[in-house]
Amino acid sequence: MAVRTLLSKKTLTTVLRNDPKPIGAAITQSRGLHVFTLPDLAYDYGALEPVISGEIMQIHHQKHHQTYITNYNKALEQLHDSVAKADSLTTVKLQNAIKFNGGGHINHSIFWKNLAPVREGGGEPPKEALGWAIDTNFGSLEALIQKVNAEGAALQGSGWVWLALDKELKRLVVETTANQDPLVTKGTSLVPLLGIDVWEHAYYLQYKNVRPDYLKNIWKVINWKYASEVYENAF
């Protein structure tokens, strides 16, 4: 991936939610394997300021997300080799690396789409179907935000807090996942509408160790339009 400047323009590509389609920008082939690449952003790194600094966004995207992708590709290649050699021990050992790094790629690819600059609609409340569903399941948007913030702040260590559609129960739910576990690990009927990264690398340079302040402010740049589209397409 070419080095990007802090304010270079980004364009988003396909993101895997809970389906088997590959995530990321252009997918190339290597030895018959999918090679996942870093998805570009639809906005400049500094476009979410003052909520999230351009420095954080650049490091988070170019360094952290890229590392997950690099290690995911490496683990998948090793898996391909171990299966070809009928090496069951190595195949089993690789599962944790695939889950962690693949989950990191899935989760971050969703996260970038969950954000939008204020001038492009970031923070505008959800309307129509998703707005009604939030009122029905949580009482109000404000009540949902309080619940997400409380669960995100209480999550020990690193992880994610999610707003999801449970297609089986036909209702919205709030879930948390540890480390880089993708939401599908909590249930195959869960469709992620909104995921908030509560790893320290997502906020520490700006908010230090005060995770609640980060959670309070991030709603100002939440892309409810994207969440609404996912919700409506899930039925």
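Don't overthink the numbers, they just go from 1 along the chain as shown.
A Cβ is built for glycine as well, from the same backbone N, Cα and C atoms used for every other residue.
If you look up TrEMBL, you'll see 36-116 marked as domain 'Manganese/iron superoxide dismutase N-terminal'.
In sequence order, His60, Asn107, His108, Phe111, Trp160 constitute the residues six or more apart from Asp197 (Mn(2+) binding site) in its chain with CB-CB distances below 8 Å. For His60, His108, Asp197, His201, the entry in TrEMBL reads Mn(2+) binding site.
Mean pLDDT for the domain 'Manganese/iron superoxide dismutase C-terminal' (127-229) in this predicted model: 97. The domain 'Manganese/iron superoxide dismutase C-terminal' feature in TrEMBL is assigned to 127-229.
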Please identify which of His60, His108, His201 has the densest Cβ environment, defined as other Cβ atoms within 10 Å, among these binding-site residues.
His108
Taking the mean position of the Cβ atoms of His60, His108, Asp197, His201 as the Mn(2+) site, which residues outside that list, in the same chain, have a Cβ no more than 8 Å away, listed in sequence order?
His61, His64, His65, Phe111, Trp199, Ala202
